[in-house]
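Student: Can you read through this structure? Questions will come right after.
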């Protein structure tokens, strides 16, 4: 930008939707903590309460942090592309680490209590989502963060990366909804149908999970809110294409 030019601004409405998403995300964490603290005894490692680390970690990692990682390219619209890529990958990596803690918690808890693993629909969907998310992260780092992939290969993979990114976010929320339902049926099956406070609180958590997903999805799919390429990025992109593909800068993309 030229000296004295006004700083670039975000499109109308984008900041408001991002703010709503963050408010919803923090509310998700607060309600999850309130549910576990008020009705399930809290969270503690290597104790009968170890299982409770599972829902907390999955909501934090696979929903909130994953959602924020997806929003990085909308929020940081005018920063260097490589820095934005690094933050995108870092948040996804952090989400995976938090989720891994949650998975370890449920397996150790099951082992301690003699409960079988991986028999429910929730566990199948959840584990499949985590494994695919890990694969998506490795592929994303390999294609976009580290040098080596050709321009045409990146161009081919980018639509797949975007599609599976949104798909995995939807699957993560779906797995959480299945987990909430399963936990309620295990813990309060006799009273759930009587609109007890715990059931209402957990149902509210489920509704807010859907709301968070809808807001993030809306931000991601608004065409005019996509991150515009900076002038220097376009120049670097064409130079990279020329070097790796042997094409002229004016060649078709």
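Placed from the backbone N, Cα and C atoms, the Cβ positions cover glycine too.
Automated prediction, rather than curation, is the source of TrEMBL annotations.
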Student: In TrEMBL, which of the ranges 200-220, 221-241 has the transmembrane segment annotation?
Tutor: 200-220
Student: List, by number or range, the same-chain residues at least 6 past the transmembrane segment (127-149) whose CB is under 8 A from its CB atoms?
Tutor: 62, 66, 85-86, 89, 92-93, 95-96, 99-100, 103, 118, 157-158, 161, 164-165, 168, 171-172, 175
Student: Go through the chain and flag residues at least 6 beyond the ends of the transmembrane segment (12-36) whose CB is under 8 A from any CB in it; none is fine as an answer.
Tutor: 42-43, 52, 55-56, 59-60, 63-64, 67-68, 71, 74-75, 198, 201-202, 204-205, 208-209, 211-212, 215-216, 218-219, 222, 225
